[in-house]
Amino acid sequence: MLVLFVATWSDLGLCKKRPKPGGWNTGGSRYPGQGSPGGNRYPPQGGGGWGQPHGGGWGQPHGGGWGQPHGGGWGQPHGGGWGQGGGTHNQWHKPNKPKTSMKHMAGAAAAGAVVGGLGGYMLGSAMSRPLIHFGNDYEDRYYRENMYRYPNQVYYRPVDQYSNQNNFVHDCVNITIKQHTVTTTTKGENFTETDVKMMERVVEQMCITQYEKESQAYYQRGSSMVLFSSPPVILLISFLI
């Protein structure tokens, strides 16, 4: 009986010293599956946190950030920048600059601009064709019916290249009629003697108007130069500067 009592007492002592199986943060089964080697884990893992098949963060199959299947940034399937499937293949590019239309580059010579190929002549601004009476009803009617075929701009050189108005007007009429005739004839239209006579009258009036306009502008430019070159004005400008 004594031997049986001692054996029973020894078994009870060993049970008290034996660690409990399982439990939180012990060597047994653990939940979630984070533990020391040898413990049972649920679910089976390869060394990462809960729901980490390959060692990444929550919901990371291959070690990237949240929602990153292969280690890129948010919404990056293969490691590129935002919205990039892989590398720089799908990067955003700036749109090409719109090409300038030829309509914006082409155009007639501007009023007062030097016309290339005419030896320094300039093209004046468009004018209304003057109402001219030629002394008989036939020519007056002919002019009214055909005036749209005649020039409404004149070619001229700067007024300071001429000694008087007559020289300016004579040169202006000749070059204008010549250019208009050549251009119009190239298009298949011919002028009669009556047309040439009427064009000379029309262009002469427009050349006189152009001379008066250019002379006034030239005089104003000269007056401005004289004003700003006077000693009092120069002294005032120097003081202001």
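Cβ from N, Cα, C; glycine included.
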Checklist outcome for this item: From C15, C172, the residue that Swiss-Prot pairs with C207 through a disulfide is C172
Next on the checklist: For the region '5 X 8 AA tandem repeats of P-H-G-G-G-W-G-Q' (44-84), report the average pLDDT of the model, please.
Outcome noted: 45
